[in-house]
């Protein structure tokens, strides 16, 4: 039963009495790098199906989901109705509580309907990365034992014909014994059923059956598996609950001052927390509207959506914003309503931020930090924070969450102002990795008070006001001659050069120093490449000599490189790919 109160049992929140005290920093933690979010507003205790029903009571006739590339415009009432019909179809297909349903598709209204339909019948939706190869798709289906797969023939330029042929082969039941059926969420392929077929199959199932199933569910049930973008080994599937997602998305929307009058343009993909939680659910929890401008990221479609839909917010990673700003805008372009949004996934160069402010009117943009295992957001700036704060920090910890910074070797909490590994605790921490107890035990640690902490693997520092600055990934730190070099400060210096749009700095092997600095660059449109010496001298003007890049590689100019910076499907730069590439190009000197 849905409730909105602050009487949730404390053990469910993995919190002790100390954990929920309202003080930002407690007396016995003075000077230590420990911060606690506010305890108000109270956490919501409901399932995703109950959330949608609850919001329909207030916003039934307001638009909830708009998809310009399919011409879909669904109100809250239509979304509830569509997901109810699909939920009946899932019951007709024999889906039980806890069964896994996979989806691999671009941003579309059917994806949103499936997300809520699966949640309403107690299934776990496995969102599969659009960029996965055939082998990675099969691994995801096998690892999570999906019973149903919803898929499309093509996602942008990614042709899935070979994968579909394999899924249609006679021996697929031997290789994927749990997969009962493949369904085309859009389009068609041979004898596979379609999304509409599933809805038709549900006509024999009464709506009351969906309600009965929904009444058996708990907000603390796992409802979503999201694969982490690990650099080595098979990806891990993070187990996220209704409670995780609903409350995290609420607090994200609160930081952007969302109301039912807001309209979010959301280019990030639905298979990622950015598009699903910070996008879709941040809107649903506030009665706002989400606009998915294209199947995959298309900067021209984003500009059209901002103008045509009168969007008030825009999400993206820095590379998306750079692509948007690189386009010429027609005279009719109107971004006068645009004010806020979240920029995440990578540090934001100051020149880019100035352009977002001046050219797109994003005066209330917010910086953010999160990871899949934390549902995802841990820290988010306020729209009222100063520009300097939003540029140099990721804001303050969200409500009902705690954060601390530890010495990664000793586990001891460091002092405020000292760098260390960021750890998170609170309602938003995932239940672990699906089918991987070993990795779960490595990431989730219990302190002497019985509080569970998630080790993020990210290096961070807190200031005396509780604001957090992410200083890098521990695995990305370059150790040159025994001295730690932090790539982020070099990247920020490089992108301050007028000719450099993006920079990624990695450590390359060196016999004498162990590692040396390598820089991969993308130039600003219309600029010529500065000589290597100029780039090194530019770095040395503000940083130590040893931090200047020994090797410089420029995308678009070096024929040995791909055309653009390698990224994950969610827009994060793949530094492991760059390290491997640099190692092949220069060897070990």
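Positions of Cβ are set from backbone N, Cα and C atoms, glycine also.
Keep in mind that this is a model prediction, so the values were computed, not measured.
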Self-check item: Of 12-20, 21-29, the range Swiss-Prot labels motif 'PTS2-type peroxisomal targeting signal'
Solution: 12-20
Quiz item: For the CoA site that Swiss-Prot assigns to 481, 482, 483, 555, 556, 557, which of 475, 547 is also named?
Solution: 547
Practice problem: Pick out which of the binding-site residues 234, 372 has the most other Cβ atoms within 10 Å of its own Cβ. | Solution: 372
Quiz item: Do any residues at least six apart in sequence from residue 482 (CoA binding site), in the same chain, have a Cβ closer than 8 Å to its Cβ, and if so which, in order?
Solution: 514
Self-check item: Other CB atoms within 10 A, centred on residue 228 (ATP binding site)
Solution: 14
Quiz item: In sequence order, which same-chain residues at least six apart have a C-beta under 8 angstroms from residue 555 (CoA binding site)?
Solution: 520, 521, 522, 561, 562, 563, 564, 565
Exercise. Averaged across the motif 'PTS2-type peroxisomal targeting signal' (12-20), what pLDDT does the model get? Just tell me the whole number, please.
Key: 34
